[in-house]
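What TrEMBL says about this one:
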ACT_SITE  Asp57  active site, for OMPdecase activity
ACT_SITE  Lys59  active site, for OMPdecase activity
ACT_SITE  Lys59  active site, proton donor
ACT_SITE  Asp62  active site, for OMPdecase activity
BINDING   Asp9, Lys30, 57-66, Thr119, Arg181, Gln190, 210-211  substrate binding site
DOMAIN    3-226  domain 'Orotidine 5'-phosphate decarboxylase'
Amino acid sequence: MNKTIVALDFTNEEEALYFLDQFDKPINVKVGMELFYSAGPQIIEKIKEKGHSIFLDLKLHDIPNTVKSAMRNLAKLDVDIVNLHCAGGKEMMKAAIEGLEEGKIGDKRPLCIGVTQLTSTSKEIMNNDLLIEGEVIDAVLHYAKNAKDSGLDGVVCSVLESKRIHEICGDEFLTVTPGIRFSSDSKDDQKRVATPSIAKEEGSSYIVVGRSITKSQDPYNTYYEIEKTMRG
Ligand code: C5P
């Protein structure tokens, strides 16, 4: 499986499918709230028909029973990866895995990863808005350990935290890292950013890249350049 996941943050199905038309081989894509809420679950079937792997990024966070039922339904879409917010706690994360097991198609449930702290969250935002004291890395590591204890397959974190998470949770535990920018790019709303080569050095299992690919002059070549960097 490729190491780069392209965030299909498009307003509607037409734009997303038009973007994908330029890729002649299957790639990994991320369908997030923007596209899923506009296009509905059928967008998943259409992307799967083209052979792409799908990370469905809906970041669930609710009471355990609701998350369990929602995950049961998401598993039926037969996507490759789903996610939730670790802030929902261990009981919620365990319920999510139960739901995925109940809804899975075939033997393999979708992988489930937990968002630790959004890559748009800085220390100031975490301390002042979320009222979580200390450094971002400590909160991220705490959530990663909870995710592992609850049976999740990995976490969403920034590149800057990837190595420490692997030290604590093991190399098999996935670190999926958004907040990827070339040095020449604007950070936009992201705060904890890094380049693809730093992501490679820090051991990100997968990187999620949105605007640096989708808004580039040549998305196809940008994708394969990044993939080459990640494969080293
Ligand atoms: O355009 P950009 O590369 O910043 O897009 C990053 C993508 O990753 C967005 O779709 C965003 O929702 C998602 N994401 C993130 N930070 C997280 C989890 C997901 O930026 N912690």
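Backbone N, Cα and C atoms are what each Cβ position is placed from, and that goes for glycine too.
Feature map: TrEMBL annotations on the structure.
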| residue | record | Cβ within 10 Å |
| --- | --- | --- |
| Asp9 | substrate binding site | 18 |
| Asp57 | active site, for OMPdecase activity | 26 |
| Leu58 | substrate binding site | 16 |
| Lys59 | active site, for OMPdecase activity | 16 |
| His61 | substrate binding site | 15 |
| Asp62 | active site, for OMPdecase activity | 16 |
| Pro64 | substrate binding site | 18 |
| Thr119 | substrate binding site | 25 |
| Gly210 | substrate binding site | 19 |
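Using Cα positions, the member of the active-site residues Asp57, Lys59, Asp62 nearest to Asp9 (substrate binding site) is identified as Asp57. Pro64 (substrate binding site) falls within a helix when secondary structure is assigned with DSSP. With a cut-off of 6 Å between Cβ and the nearest atom of ligand 1, the recorded positions Asp9, Lys59, His61, Pro64, Thr119, Gly210 reduce to Asp9, Thr119, Gly210.
Residue pair Asp62 (active site, for OMPdecase activity) / Thr119 (substrate binding site) shows a Cα separation of 21 Å. In the predicted model, the domain 'Orotidine 5'-phosphate decarboxylase' (3-226) has a mean pLDDT of 97.
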